[in-house]
Structures are given as C-alpha cells and as structure tokens.
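Peer 1: Annotation source TrEMBL lists compositional bias 'Basic and acidic residues' at B:528-539. The feature domain 'Cytochrome b/b6 N-terminal region profile' is assigned by TrEMBL to B:15-241. The region 'Disordered' feature in TrEMBL is assigned to B:516-539. Feature annotation from TrEMBL assigns transmembrane segment to B:41-67, B:113-132, B:144-164, B:209-233, B:264-283, B:335-356, B:376-395, B:415-437.
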Amino acid sequence: MTVVKEPHGAHGAGEEPLDLSDPRLSRFEIVREGARRDDIEIVTYESQFPGPNTRAEKRIERSVALLFLLAGLLGFVFLIAYIFWPWEYELGHTTSDYYTPVLGISLGLALLAIGFAILTWAKKLLPHEVSIQDRHEAMSTDEDRQIAGQTMLFTADELAIQRRPLLKGAVALGLTPIALAAVAPLVGGLIRSPHKPDHGQDPPLFRTGFDPVPNEGKLVRLTREDGTPIRPEDVSVGGQITVFPGIPHGATNQYADSPTLLIHLRAGDAAAARAATDGDAKNKGAMWGNYVAYSKICTHAGCPASLYEQQTNRLLCPCHQSQFLITENARPIFGPASRRLPQLPITVDEEGYFVATSDYREAVGPDFWERP
Amino acid sequence: MKRRKFDLAAVPGKTAKGLDERLQVATPLRGLLNKVFPDHWSFLLGEIALFSFIVLLLSGVFLTLFFDPSMKEIAYDGAYPALRGTEMSTAYASSLDLSFEVRGGLFMRQMHHWAALLFMASMIVHMARVFFTGAFRKPREANWIIGIALFLLGFLAGFTGYSLPDDGLSGTGLRIASAIMLSIPVVGTWVSASIFGGEFPGELIIGRFYIAHVLLIPGGLLALISVHLGLVFKQKHTQWPGPGRTNSNVVGERMFPRYALKQGGFFMAVFGVISLMAGLFQINPIWLFGPYRASEVSSASQPDWYVMFMDGLVRLMPAWEITLPIGEGYVIPPLFWPAVVGLGALFTVPMMYPFIEARRMKDNKSHHLLQRPRDAPERTGVGAMAFTFFVIATISGGNDVIADKFHISLNAMTWGGRIGLVILPPLAYWLAVRICLGLQQHDREVLAHGVETGIIKRAPDGRFYEVHQPLGPVDDHGHPLPLDYAGWVVPKKMNRLGALAPAVKGFFFPVEKPAEAPVSPGMPPVTAREEREEITSGR
C-alpha cells in the first residue's frame, strides 16, 4: 500500500544513509534503504488499487483462491485416475485407452491452475514497481588492471622460463607424453580399424553374407526372412522379393549390408536389362534368366531402397528419394545418390533354388573414401 | 528453577543469525533479493527452454529406471499382442514395456519427448529474439556462443535420445548417421568403425548412446546452462529503450517479491502445457514402427523436427561425387557436403556473427539497450535469410509427405527445394531490408508531422487536408517541432495517445473503474524528452 512519489533526488549526492535503528521506520523504508545501498532506486512502488479492500481486489483474491482450489481438485483427480483407472493395455477399444489422456488432462490443468494462480497473484495483487539499478560497467580501475597484469607477469618472471631454456625443453618433453598417456586409454580403446581382417577373411567393409568363403566354400542361397530358399517360380513376373543370405542369422541386423532385392523382370525389360548388364565389365553375367538381384542398401545413406515401381522399373529410396533405374544397371537417375546399386550375380543350383555365384563385386552400402 | 520458555516465533530469526555468523550471507543475499530485472514478454522465451530442460531431467530419470540399453536379441513376450513372438533388441522390448507395462510409463515417455521438442523450439525462438534485437553484441558475445553450443548439445541429446528405443525409425536414423560418418574423407570408415565398435550396427551403439544421452550430454548441458545463466546474472539483462532507460542502468522490477513469483507461475504454466501435450498428443508411437530391420523402412520416415532441416539439405544435395584419381581412386560422396560441412558451417558461422558485425560496423562499444529489428535492417535481412534457408530445408525434409498429400511430383518438390534454397534467401534479405526501411521512415514521418487523426478539414480555398496530432510541442504556426527517434515504439494511432478512452476491462463483467493509460514497462506512456533526461540526470 506504499506509494512513493519522489521520482528523483531521493538518493541525491551526499545524502546520508538512513539510520536503521530509528524505530519509526516502516519495513518498506528499510527495504528501500537496502536497495539504495545496492545502487537501486525504487522509483515507483504503488498498489494497483485505489485503496485497501476495494471490490476489485477482493474479486481477484477470490479468483486466485479459486484457482488454487481447482488445482487441488485436479491434482486429486489425477491421483484417483492414476490409481484406479484401468491402465493395462488391452486389445480393442477399451477404457484403458484413455489412461494417458486422463493423466495428461488432470495433471496439465492442475499445473496450469497453479501457474495462473501464482501469475494472477503476482501480476494483479502485488504492487506495481519500477526500480532502477546501476550497471557498473567499468568495474576494475586502470590501477587494478595494472596490478593484476603485473602480478601475473611477476609470476612468470619468478619462474623465469624464458631464461632457462633447459627447463623449457624439459617441461615440454616431460609433459607431452604424460598428456598423451592420459588421453590414450580414453580414446585408444574406442579405435577400431575398419580394414582389420575378420576371422581370417577380408574386412567386413567389403563383404556381405553372400560371400561363399565363410560358408565353407558353398554358394550361398537366397532365402526369405524365415530362411526358406526361393525357386524361380516363387516370384511372379514383374514381382520382387527381399532376399537374405541363407546362412545362420543371415536375415538379422548382423548382416545389415546383405538385404537384396530379387526382381523378376518382364520379358521386354529383361532383354534391356541383360543388354545393359552384359555391356558392363563388373555386372557381366550376373543375371539369371529374367531375374536380377540388386543390393537393397541405398548407396547414398544406407536406407533400404524398397519402393519398386513396376511400370517404370525404378527403385526409390524413401529416406532421401534417390531413384535407380533397374534396367540400366540400377544407375541413379534422380536424387542425391551418386553411385549405382551393386548387382548380386545369381544362378540356380542343382536343387532349383537361387544361389549367389559369388559375393557382390562392388562394395555395398553408403559410399566412403577408400572404396576401390 | 525457572524453565526457559521455548519461543517458536524467534526460531527463524535465530537460525538466520546463526547462518550469517557462520557464512556471512546477509550482504550478498540483500543484493540477490534486490537485483533488478527488466521485463518484456520476449525475455521469457529462454525461460521456456530452461523449464523444459528441468522437465526433461525429471521425466528422464524416471525413464532410466525401466529402460535397458542392451542390443541382445530376444523374442518379445509382452502386453502388446501385435509384436508378440517378434525378434527384437532388449532396448526395444524394454521401451515397449515402458509404454505398456509401467503404470503411467507412456505418459512419462511422451512428456519426455514433448519436453525435448519444446526445448529445441524455445531455444530457436529465443535465439531469434537475441539475434534480431542485437542482444548478442558486446559484451555478450560469449553468451551467444554458449547459446549455440547449447543448441548443438540439444541436437545431439535429441538424436541420441530418439535412437535409444531401437525401433524401426530410430534404426534408420542410426543407419544414416553411420553413412554420414562414412562420408568423411580419409577417416570416415575409421570414425564409423570406432563409434559403432565395428561394422554397422554392431552390438555396442545403444549402450554408448545411452551413456552419452543420460550422463555426458546432460552434464554438458547443465554446465553450459549454469554458465549461460551466470553470465546473464553477472552482465545483467539487456533492456528495451524507453523513459529513464539508459545504457548504464537497468529499469524493471526487483527479483523479489514480484519477479520471482511470476517466474514460478510461468514454470508451472509451461509444465502444465507439457503435461497436456504428453497426455493428449501421441508422439513417437514406437510400437507401430516395429523393431529395426536393415531391410525395412516405410515412406514418410522423418526425424524429429529440429533434425529435419539437415535431412532436407541431404535430400536436396545434387549427386555430385568427387573422385580423386590417385592409386585405386578415392571418393568424396555427395552426402559429405550437406551433412558434415553444412552442419559444421551452420553451427560455426553464427558463432562468429557478433564479431563479424562489430567489425563491419566498426562498433567497439558495449550495448545494453536492445535495437528494434527495423533499426538494424542489414542484420534483420541476414536473419530473414537464415530463417528462410532453415524453413526451406525443413520443409524439404518432409517433401515426400507433402508430395503425397498434395499430389505433387516428388521430383518437382526436390527441384523446388533446390531452386528455392538458392533464390529465396536473398529475396528474403531484400524484402526484410525494404520493410525495415519502410517502417523506419513511417516512424520518422509520425515524429515529424504527428499522428493521423482521420479528421479531414476543408480550407476556405477548397483544399482538403487531414489534421495531424503533433506528438510534441509546436511552433508559432502550429506546426510540430521535429522529435528525435528514441529507439522505441512511436504511437501511430490516436487511441495510443489516450485520445480515445481505453477499453473497459473485464471478461464477464467490467471492473468498476476503467484502467488508466497503459503503464507497463513494455508500453511506456508517451512523455516529452526533457522529463526523461531529468530522471536520468537526477541519478
């Protein structure tokens, strides 16, 4: 209820600090004196109401109280819902579907009610205030700066590293290995060579699950996700199927580079594809009949390029929209991919199942620096 | 023997005295309680980020009690029937359990995710506020840099966080992250192999991301936020120009009683909004995505919104591969440019901006008064340019969804994004600068001639003219004396001058007495300049 109407001169130059032992001082006067000692001038501090106990003030008081009570009620609703509402997941449309929304609504509204109660209290009931505080920009004087600088230089002088070259060299040579030794175990353990042979074979960077060498030299079958092999008649004309290497765990993420798309091209498209394949040094002889197999791992960022458009023979990667033309060695025709999809050379074994005649002839997956 | 009476009322005073005798806290506490904060709605944007971070810490701790960061494959046998029997990683299974078999678990998971999205969003808006008002200028360059580092850490926290459930979508994100690492020249394969512990995906990455997400990154965030707030405290907040406000003072409210109370209420309100979102809006329904399989992805695979700009840049990048014909040949894949160089530049160039601007403007002074965006047209133009770039990149990050929903060709969307990314930012710069100059001119016009009253007069010679209300004193002929621009809102309508009665307040029924003309610090009453000078010189 304190009204201050002395916008300037209240704390003029040379004014004596207030004597705080004076019993006539009101609490606000002490507060204002404290602020002054922090170079803060409380310019305005006045009630938002014309007098005490106005109707407007009472009404705001009531709404603040109401908001707090509402918060309490909603908090109670939250607790009740949390404990008694059926929450365990059941199939179909059940009341448990509403567990999370009920929690959210009750807790959210309860917190909002508390928030608005406090905000209303602060904004509508507390006196309006304008205070001015000095920034004290230039804190240190030139002398202080000089003293600090000279103190630091003095330390350097005392150590005299400049005129003791022996110590300089010894410190450098002595501390560098120690610093490296501290870092080495933290970082060194993480470093893995991508080129280290794995179990006596090529590094996995250039190898997929279709490599016959780890499979005891036997050609690796193309299988479905459940491990069953595939016959040519299993794929209808124009159809496609995702195949995996027919080895243990071949369809798991352990062989994340191996998923392959086996496509049964229509006769006309197949002729075009064969002409393109046989005209290419690396892909020569990789097709079997009208069937062609390309790596499903996009050469751009490694997503599975899984959307096959039968009419145009395009393969689209849904991550960054690279498009590959299957009938032209899966060369990229749109989007950010710059490299064609590697082709898996396939044939049919004596039992009539698809096998890979060798591993991929190019590195599979996203591009990298040392790709040959 | 007289028993000493225990005086309950004296306990707080005694305790306080005891504390001060031991720790000497009274003097610094007085300064703290008295600290003056300027008030404006735009100063609260950073607070939203801070409050979301607190919610993130609280909900995140709850989630760690149930989440198992293991990539061991198991067959799911939980409450969600559609996935029963499916092979999946333990991390994914425990995330499903967290959603279905922990009471209120889904609520907490969604709260964590929404708080993260709000954290990033409020950081960006806060950063825009700081940029467009010039709050980053000397002496606050360090805090600007820390702010950008906070955004980068938030970005990493978000990415590691949504990778943890190991669902179909997050696995795809990890795959792309691995491809981005592979694209780095010379060391790419080494970086990827070292981080994944071998070839993608390996069996370590979720565990490593987990410790990064729950300890290393939050630790960094907490440390930087402390420094950020400490610097705001030490350097004191900037303020808008206005009556009595100079470069060497702070005009506002003391921290107590009102300011701190308002902050507390605002925190509760932010927390409440996050809770409502967590309960009502589904986010990241991992059970629909299934476990990660290297061979499966669906269309409309989008990252969280603050990563979408990067995905968009990757999508728009033309297939420019650089081949170095040395030995067997070396490759720099096109992915390298947007994802590594682009992202690096997007974080480092803004860090340099305060110094670039100071150098360009030959401005060596400390600034504590904010500038209205119109008063720094070039900076506003640069900001508009950056914002346009960000928006186009973000939209392009979802261009497949837009193409699908609006039946636009996907290739047309990509080309539109490519062309837009080059053409629209400069256009935005030009437009923003022109708008700024126009607004400046309008301000000066009103200061020189006064406010348009809408009253048309006809002179005896038949001439029509509009009466202008001068904002300051007039000369002998009744023409207004030109006023200087003070860097703050110039009233342009008669009701801002009090010429019209202010609207009667009250929602259901009006308050008995209409409020006086606005007096909040953000909307100062119009006063003549001499008075303002008196207040300052009186200090």
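Any Cβ shown, glycine's included, is placed from N, Cα and C.
Unlike curated records, TrEMBL annotations are generated automatically.
Since the structure is predicted, the reported quantities are computational estimates derived from the model, not experimental observations.
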Peer 1: Might you confirm whether the transmembrane segment (B:209-233) is in contact with the transmembrane segment (B:113-132), defined here as three or more C-beta pairs under 8 A between residues 6 or more apart in sequence?
Peer 2: no
Peer 1: Can you work out whether the transmembrane segment (B:209-233) touches the transmembrane segment (B:264-283), with the criterion being 3+ CB pairs under 8 Å where the paired residues are 6 or more apart along the chain?
Peer 2: no
Peer 1: Hey, which of B:41-67, B:144-164, B:264-283, B:376-395 has the most Cβ-Cβ pairs under 8 Å against the transmembrane segment (B:335-356)?
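Peer 2: Looking only at B:41-67, B:144-164, B:264-283, B:376-395, the most contacts with the transmembrane segment (B:335-356) come from B:144-164.
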Peer 1: Are there residues at least 6 beyond the ends of the transmembrane segment (B:264-283) whose Cβ is under 8 Å from a Cβ of it, and what are they?
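Peer 2: Long-range Cβ neighbours of the transmembrane segment (B:264-283): 44, 47-48, 51-52, 54-55, 107-108, 110-111, 113-115, 117-118.
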